[in-house]
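*Asks:* In case it helps, TrEMBL gives these features for our protein:
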- 78-97: region 'Disordered' (REGION)
- 123-246: domain 'NOL9 N-terminal' (DOMAIN)
- 304-435: domain 'Clp1 P-loop' (DOMAIN)
- 542-644: domain 'NOL9 C-terminal' (DOMAIN)
- 678-700: region 'Disordered' (REGION)
- 678-687: compositional bias 'Basic and acidic residues' (COMPBIAS)
- 688-700: compositional bias 'Basic residues' (COMPBIAS)
């Protein structure tokens, strides 16, 4: 009887609740105001979110309904009951809930509306100060308002920007910014926005945009992006996942389908790039100094151990500076992870366009470049310093300079960094640190003055020896009008930055990760050999190479001592630097011409020596360098930077035996077992056992 009574009561309560639900207004969302949101099941939360979206689309403030229910429920409660607090009002444009792990309180998140506007195109409406995190590649055009991507501001009327939010790095976010509001009514603003959208969208899409329009929102057009570099890199097995990744669970909602046609996927905010407070503070300080300094252009040196965010900071800083300045200079001193050139180079570049992706998506032609030939400067520090001095001499001090350094900051690496600070005399030193990086002393001006470097002495020792700092002026090889100005080391300002990442690269897989990034940079450079879009890709073995006589260029192996009888074996099927030396090599009748030591000379580009004709005494070189610059090339440098294995083993259209690939290889040849393409570990630079892929050098 007790059980039947309970069943009767439950059924009565349920029917009463159904009658009350049908009788109340449709926009009242909560049937029990005192019930906590986190006690709802997943299906109930989904139903609540759907009703919130319906209320927002109807243009009614759904919070009023919640407050009415709360007041009615409060009136029905006994007077002794403690009333539950009414939640603070939140913007109506934020309907999706997310829970804070600490307070267990719901927090509203934006759901930016997305609409397909044609094949491979989608329209994105972003409320002010809201973001859209995504993975993949696309072309972004700001039709109305103002957005920011990776520190670079894109306003209406500016050209479209190619954005690469790839798998190897953190996802990028399109953030809507505040923009100046003219003294116009909402109707006039809508009319102005409709005129801007007229040349990009059809009538139905413009109507949809105006229905969801708010005065402070930004309207962004996302387009499918296909470039020659993307097609070339993704044509190789194992590299297609870099740009676009398939969703682990297929979705069928309209938003996912619209973004999928563009080639991107919406990601959670925590997967996007997160900058710490110290990083943002350092960026603000450096940008303000660069834009307000009148006496001269600041020189910013960025240092720290591996995987602490130096490269990410440099890209963000470049984009921030390009918002106010026409150009930024960049000095690359990291041989293993170069930003704008293939690996193994020290270069000086003038950057005029934003960098909205990882290094292999924005290779540039430098003003001055030297091919060092190795991913590290181990056992050859003096040559490394000389090359930096040679490249730094081309800096004209007309725009701010950003200096990127190596991640080796322990033992001799720290002493080498002190030499660079004294040599380059930066005005600001941005030093990175994190919990997982090794402890590094603060590089204050006092510390740099008191410490001896590898090749420089402390300020006290130089003063005791009567050594004048102005004697460095000749070594830096400044321009003629600046040679009379003595070099005064007035010290620098140290900016300490602490970083922390959600995921970290462990020392165990760091070497493999860096090697993959270097191979992607080489593939990106080789993509310049391909015809422009929309022509199909051409296999490398079917391209016509340049024929270079033996007596027209000199040869040098930079990373190892190779016997003269084996020099052509080392050059054949290798990645070569096309350089220009001052010596004249045209006086030699026969070849090959061998150099006794590695010269410090300008590098104009790179290529592949795809074959050697011994009868006609010719090198066959594949290179994207234009013919007018090739006329000045008289030296070929071969270093430890190797071609990616996929270039030799995965060429399309090759039938039968693959050229240059074999299981029979003599590792006893000088230079045959040299460790190539791997970055030296930070701790003590110890050699590890390594077996080189079995390739043989085939000659015609």
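Don't overthink the numbers, they just go from 1 along the chain as shown.
Including glycine, each Cβ sits where the backbone N, Cα and C put it.
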*Asks:* Going by DSSP, how much of the domain 'NOL9 C-terminal' (542-644) is helix, how much is strand and how much is coil, in residues?
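*Replies:* Per DSSP, the residues of the domain 'NOL9 C-terminal' (542-644) fall into 16 helix, 37 strand, 50 coil.
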*Asks:* Which residue counts does DSSP yield for the domain 'Clp1 P-loop' (304-435) in the helix, strand and coil classes, in that order?
*Replies:* 41 helix, 26 strand, 65 coil
*Asks:* By DSSP, how many residues in the domain 'NOL9 N-terminal' (123-246) are helix, how many strand, and how many coil?
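*Replies:* So the counts come to 31 helix, 43 strand, 50 coil.
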